[in-house]
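K.L.:
Sending over a structure as structure tokens; questions will come in a sec.
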Protein chains: 10
Amino acid sequence: MTDVPSPQFLGQPSAAPSHPDAARLDPVPNPHPDALYLTRFVVPEFTSLCPVTGQPDFAHLVIDYAPEAHLVESKSLKLLMTSYRNHGAFHEDCTVDIAKRIVAAIAPRWLRISGYWYPRGGIPIDVVYQTGPPPSALYVPETGVPPYRGRG
Amino acid sequence: MTDVPSPQFLGQPSAAPSHPDAARLDPVPNPHPDALYLTRFVVPEFTSLCPVTGQPDFAHLVIDYAPEAHLVESKSLKLLMTSYRNHGAFHEDCTVDIAKRIVAAIAPRWLRISGYWYPRGGIPIDVVYQTGPPPSALYVPETGVPPYRGRG
Amino acid sequence: MTDVPSPQFLGQPSAAPSHPDAARLDPVPNPHPDALYLTRFVVPEFTSLCPVTGQPDFAHLVIDYAPEAHLVESKSLKLLMTSYRNHGAFHEDCTVDIAKRIVAAIAPRWLRISGYWYPRGGIPIDVVYQTGPPPSALYVPETGVPPYRGRG
Amino acid sequence: MTDVPSPQFLGQPSAAPSHPDAARLDPVPNPHPDALYLTRFVVPEFTSLCPVTGQPDFAHLVIDYAPEAHLVESKSLKLLMTSYRNHGAFHEDCTVDIAKRIVAAIAPRWLRISGYWYPRGGIPIDVVYQTGPPPSALYVPETGVPPYRGRG
Amino acid sequence: MTDVPSPQFLGQPSAAPSHPDAARLDPVPNPHPDALYLTRFVVPEFTSLCPVTGQPDFAHLVIDYAPEAHLVESKSLKLLMTSYRNHGAFHEDCTVDIAKRIVAAIAPRWLRISGYWYPRGGIPIDVVYQTGPPPSALYVPETGVPPYRGRG
Amino acid sequence: MTDVPSPQFLGQPSAAPSHPDAARLDPVPNPHPDALYLTRFVVPEFTSLCPVTGQPDFAHLVIDYAPEAHLVESKSLKLLMTSYRNHGAFHEDCTVDIAKRIVAAIAPRWLRISGYWYPRGGIPIDVVYQTGPPPSALYVPETGVPPYRGRG
Amino acid sequence: MTDVPSPQFLGQPSAAPSHPDAARLDPVPNPHPDALYLTRFVVPEFTSLCPVTGQPDFAHLVIDYAPEAHLVESKSLKLLMTSYRNHGAFHEDCTVDIAKRIVAAIAPRWLRISGYWYPRGGIPIDVVYQTGPPPSALYVPETGVPPYRGRG
Amino acid sequence: MTDVPSPQFLGQPSAAPSHPDAARLDPVPNPHPDALYLTRFVVPEFTSLCPVTGQPDFAHLVIDYAPEAHLVESKSLKLLMTSYRNHGAFHEDCTVDIAKRIVAAIAPRWLRISGYWYPRGGIPIDVVYQTGPPPSALYVPETGVPPYRGRG
Amino acid sequence: MTDVPSPQFLGQPSAAPSHPDAARLDPVPNPHPDALYLTRFVVPEFTSLCPVTGQPDFAHLVIDYAPEAHLVESKSLKLLMTSYRNHGAFHEDCTVDIAKRIVAAIAPRWLRISGYWYPRGGIPIDVVYQTGPPPSALYVPETGVPPYRGRG
Amino acid sequence: MTDVPSPQFLGQPSAAPSHPDAARLDPVPNPHPDALYLTRFVVPEFTSLCPVTGQPDFAHLVIDYAPEAHLVESKSLKLLMTSYRNHGAFHEDCTVDIAKRIVAAIAPRWLRISGYWYPRGGIPIDVVYQTGPPPSALYVPETGVPPYRGRG
Ligand SMILES: [Ca+2]
Ligand SMILES: [Ca+2]
Ligand SMILES: [Ca+2]
Ligand SMILES: [Ca+2]
Ligand SMILES: [Ca+2]
Ligand SMILES: [Ca+2]
Ligand SMILES: [Ca+2]
Ligand SMILES: [Ca+2]
Ligand SMILES: [Ca+2]
Ligand SMILES: [Ca+2]
Ligand SMILES: [Ca+2]
Ligand SMILES: [Ca+2]
Ligand SMILES: [Ca+2]
Ligand SMILES: [Ca+2]
Ligand SMILES: [Ca+2]
Ligand SMILES: [Ca+2]
């Protein structure tokens, strides 16, 4: 345990940022910078507000990336997610914005975000963005989120 | 095949009734009136209109009954279901109404209806009505319809 | 292996009976007549004809019984099932008829049949008959057949 | 569509109440007061805050009740759910509080709430409260929410 | 929330168009025109009529596209879906027609529609059309709709 | 509804052909001959006889094709399926024969058949034939039929 | 770890008994004889021979019991299971025999065995025996073994 | 948030106890002592050692109880679970021990523990203990843990 | 039914071979040698012995091949499977051996075997061998066997 | 059974190594060095400690490799897994470390590790590393581990 990085939020109480601009992602050194590999976060607890009606929206997010020099520390990711709680965001816009935010913070070799939004008016929207085709030597499993089915 | 009943709609083209009042259920003789048994219809193709907004509603219905002297002929049931297509009905009201309609037509020993309505505003409604506790010697399997789960 | 019964069909080629009346169930001695227990057959390969239209019908049957002096030998059950292949039968009638046929052959302590018929006109019919409430000391697991769901 | 009730929120824009005390449930007349039946709401979009840490909590709620003179109008239920968004609530306390709130509003014959809270520290909590045993003639299907399983 | 587009239907009551020709899709500006990404709508509430028999048909639709300059606003999509409610359409024809309609409205970089129609005569039909192979850098998850299985 | 084709069997009673040679597939004009798209039929109700033992065999078939000038009308497909009911056919032979029959009738751009046969002797056989690799611009979803698992 | 029992087989190599008569169950002291509780073994690796044809049979067994003074040590149970590998046994007979064997060895308060046999001739047999109704204060979860479904 | 209890571990770093005797459950006041309700914890991260071989064992635990004057604070439960990490415990003994430990700490109206242990020698063991039959007015959903199935 | 091949084992009693060397696969003529197609056998009833400990091992096998001049007759395959019942075989070795055996018997265009072995020591092993990449025009569906998950 | 290798741990009691450095993988000769094939281990019983908080972490691992001259003997793999039980390891680091360890021991043609870690703070992390793209003639099935979903 000699080369343990020093995350800024992990293991200590942290106030939730009130706005996405107030959140800060915490890059930690990639322990295997020689290796091409995938890291996947699943965030089943994302919520924001509809900019038109002000009503809450909910999404299940899957974030896949191949790190370059840095990883995203997971507690700082959670705080970023929480910062959207009381702010307006359209589904397509918000999903891609989060991707761009992470790219800016850690400059990964590759990144994909998959946002599965809860239905409105009987119709859910899924949004999937990636920075480009995945590197050919990287294995990215299916996200496997079941499709929306209504009832029955 | 000597004692085959003569259903009124089965095996012939039938116009869809334009209103529930115009639909007619077709009772056919119960071939085993001595036996207490369960008949279950599943109707995954039910749709009506919201009486307030005029927008389409959808439901997945399960109808369980123990016949007395008559069965419900299934094509006539389908025509009754179709008759709700362009009429307004609240979820709770409509589900119980259909049950009462079938009871009036065939006077079963027992009947249950389970209506699984598609979500509106992120919240689905299920409505379950039965004419009383099921007869103790009758086996009524779980309907087994999966609960609504949103996404993820 | 001293007390092995001598089934009439098992282990030898048997012509399929052309009509239910030509089929014969083969009772074999219950090896544990002192014990109250459940035997369940599942028949996912049942087919008959619609008496009105002549078109094929299909069903998935589950037959549960508690034997008294005899068991139903399973190959003879299969031959009975096959005998319905080219004969007309309404869903409710046919399901209960099969139950009565088995009761006549082996006089079980208790019997239930659950028939899950494939949909016609978008609506499937399930039929469940039992000879009475199951004996209180008998454990009868749920049949667990998933409900019909249409698509999606 | 002659006897349509007049809900106060359905079909019109409504601001989200900022606090549970500011939310108001909208009772609408039960269209079948003669019938004992079940109404189930599923709320997969519930979120509140942890009173100790201030961090967001999430739950999947199932609310079952048998109406007496009134139903809960579903849009007013949604607004009540939304009012917890920025308030602190322990899992056990909050779940039972919501039940008592609905009981106070519509005095149902019977009510149950099932709260499935997302895991914290690797351990999720489920809370289930009901006003008493369900009436014997009422059918209440299993909620069917899959158990938490971790990974794998 | 400064650059919020102004959808024409979202957040206000809208009468359902009585015919597909009367429906109008509402293109809204793509908030990330620099990014290649996927948007998926799932429509489990589609219904039309059979042009030969006049009977209702039902489908579960999945619509995937990569936007160019515009997105499809989801409420206008819902109104288009509703407009098929009382019009005749063959499965194959209707599915492809909807795709062409969306292409005409927003000229996406790529589009796919997958229509899962409920069974008729025991046989369901699925129809899948796309404007061409998906762009190589676009990730399009499996639709994941379970295959039709009959019963059992 | 002006350009509705005139199918020969749809909407009218049709006797089941007694032999595959007596069945006739009904080609109807492709309403979108400019578009490359997939049509999938699922047939969970296929049955034939074993040519050696005469016992019934059962299969679940999935038929995928990309139409050229004509579609297969689905009722005529159902009648072809029914024609195998009392004829002998080995699994591998029969599955490929059906494919060739459809190719002969409508000359599609591409066709695949997947036959999932029920187990005999504890071992099921699946047979999958296609006319060649699917066109690169065609999307053919997985058939998704669960693998056979025995019990447990 | 002071009161650890001394099982006879656990933790040491043990030759498989060649016949059920040569196997010996190893009773170990019940560590909580004051408590009524359930112990469930699941045996997905049971195989025996058909006494008529000599062909292998396979079963998935679930064994539930409430211990009195002794538990069944699990390695000795495994050796008993293995002893059936090359001996003939009818499904119904064998399943109940195993139950009686365990009852003789540890005299439990209550015992149930559920045998799920792999299909023969397209039809599987399940056998469920219990020594009587379960004690009212004992909780015995459903075995949850999925029903046999054939294909599709 | 006025009546918030003061848990001893929640919200602060806590060292893992090295032995079950060193762990301390933290009772917190029941916020609804007037109400009979269920609290369920699911612990998919339990591990201990085999007292005979010293090898790690794993279990998935479900703990259900109806509180009287106190609840179990969940972080203290987690620390108790962790304290078994390097201690020997037989499956049946350990599962019941944990139940007795919680009963001693909070004296609930009723308690059940369900332990689903990972297979050893191909056979898993489940252990279920409860303090008595559940109170008749309490609803305790099925634990829903899928049965062990081996492979396939 | 004129060109029916004459299998050597199908439809007649056959003694199980006591050793893999004593088993003989029965090649039957490929009825469609002009067509490239897939045949899949699923064998959920495979068992052998561990060469080190002598204890039974179990596997679920999936065998995929594209026939050239001959098919494998399925009853002879079953007899080969049975011949491993009392012989020692390591998982990796045995799985590949079976593949080579079939290749030697029928010289297929391509073959793959997937062996899913039951866990030992908490860890299962899967072994997948193929003779080379599948022919590009052959469609080989996923085997779809669920991954091992332990409990929970 | 002449060419049976002599594993160092299989079939004999082995003390668990107290640290990863003390564990030793046991290479055994590949019985089919001429064949390119896949071996998959699934490890649902992995646990380590968080280097920052000291709290236990859990993971479900899938290890896929194509052997060159040697296989990994599975008991030695289990002992390596156990050696992480009381040592600190970050998710990303630990997962890749295990892969490198196996590569060093057996120099496989190709290797992939997929680590599915249990959620912390509501968010799980998956880590997938492979030594390069899989050889084109190797078939590597999907790992099929279901995605994390929270609740509902
Ligand atoms: Ca933006
Ligand atoms: Ca549906
Ligand atoms: Ca009414
Ligand atoms: Ca969810
Ligand atoms: Ca009759
Ligand atoms: Ca309170
Ligand atoms: Ca696991
Ligand atoms: Ca058209
Ligand atoms: Ca032929
Ligand atoms: Ca199995
Ligand atoms: Ca016996
Ligand atoms: Ca089926
Ligand atoms: Ca103890
Ligand atoms: Ca060998
Ligand atoms: Ca688990
Ligand atoms: Ca390292």
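We count from 1, first residue shown onward.
Every residue, even glycine, has its Cβ placed from backbone N, Cα and C.
OK, TrEMBL features for this one:
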type	residues	note
REGION	C:1-26	region 'Disordered'
ACT_SITE	C:Cys50	active site, thioimide intermediate
ACT_SITE	C:Asp57	active site, proton donor
BINDING	C:Val72, C:Glu73, C:Ser74, C:His91, C:Glu92	substrate binding site
K.L.:
Cα of C:Ser74 (substrate binding site) to Cα of C:Asp57 (active site, proton donor): how many Å, rounded?
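P.N.:
Here the two Cα atoms are 23 Å apart.
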K.L.:
Given the substrate binding site residues C:Val72, C:Glu73, C:Ser74, C:His91, C:Glu92 in the record, what is the largest Cα to Cα distance, rounded to whole Å?
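P.N.:
Of all Cα pairs among the recorded substrate binders, the widest measures 25 Å.
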K.L.:
Go through the chain and flag residues at least 6 beyond the ends of the region 'Disordered' (C:1-26) whose CB is under 8 A from any CB in it; none is fine as an answer.
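P.N.:
Here the qualifying positions are 72-77, 79-80, 82-87, 97, 101-102, 105-106.
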K.L.:
Just checking: which of the recorded positions C:Cys50, C:Asp57, C:Val72, C:Ser74, C:Glu92 have a C-beta under 6 Å from ligand 14?
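P.N.:
Within range of ligand 14: none.
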K.L.:
Which recorded positions from the list C:Cys50, C:Val72, C:Glu73, C:Ser74, C:His91, C:Glu92 come close to ligand 5, meaning a Cβ under 6 Å from one of its atoms?
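P.N.:
Going through C:Cys50, C:Val72, C:Glu73, C:Ser74, C:His91, C:Glu92 in sequence order, none turns out to be close to ligand 5.
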K.L.:
Taking each of the binding-site residues C:Glu73, C:Glu92 in turn and counting other Cβ atoms within 10 Å of its Cβ, which one has the fewest?
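P.N.:
Minimum Cβ neighbour count within 10 Å, taken over the binding-site residues C:Glu73, C:Glu92, occurs at C:Glu73.
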K.L.:
I need the CA-to-CA distance for C:His91 (substrate binding site) versus C:Cys50 (active site, thioimide intermediate), whole Å please.
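P.N.:
Rounded to a whole number, the Cα-Cα distance is 9 Å.
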K.L.:
If we take C:Asp57, C:Val72, C:Glu73, C:Ser74 as the recorded positions, which have a Cβ under 8 Å from chain B?
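P.N.:
Listed recorded positions meeting the cut-off: none at all.
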K.L.:
Please classify the secondary structure at C:Val72 (substrate binding site) using three-state DSSP.
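P.N.:
C:Val72 (substrate binding site) sits in a strand per DSSP.
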K.L.:
Could you check which of these recorded positions, C:Cys50, C:Glu73, C:Glu92, sit within 10 Å of C:Asp57 (active site, proton donor), going Cα to Cα?
P.N.:
C:Cys50
K.L.:
Counting only residues 6+ apart in the same chain, whose Cβ is under 8 Å from the Cβ of C:Val72 (substrate binding site)?
P.N.:
C:Leu25, C:Asp26, C:Pro27, C:Val28, C:Thr39, C:Phe41, C:Tyr65, C:Ile102, C:Ala105, C:Ile106
K.L.:
Whole-number Å only: compute the distance from the Cα of C:Cys50 (active site, thioimide intermediate) to the Cα of C:Glu92 (substrate binding site).
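P.N.:
One finds 12 Å between the Cα atoms of these residues.
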K.L.:
Report the DSSP secondary-structure composition of the region 'Disordered' (C:1-26) as helix, strand and coil residue counts.
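P.N.:
Per-class counts: 3 helix, 0 strand, 23 coil.
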K.L.:
Which three-state DSSP class does the residue listed as 'active site, thioimide intermediate' fall into?
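P.N.:
The residue listed as 'active site, thioimide intermediate' sits in coil per DSSP, no helix or strand.
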K.L.:
So for C:Ser74 (substrate binding site), how many other CB atoms are inside 10 Å of its CB?
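P.N.:
Summing over all protein chains shown, C:Ser74 (substrate binding site) has 25 other Cβ atoms within 10 Å.
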K.L.:
Taking the Cβ of C:Asp57 (active site, proton donor) as the centre, how many other Cβ atoms fall within a 10 Å radius?
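P.N.:
C:Asp57 (active site, proton donor): 23 neighbouring Cβ atoms within 10 Å.
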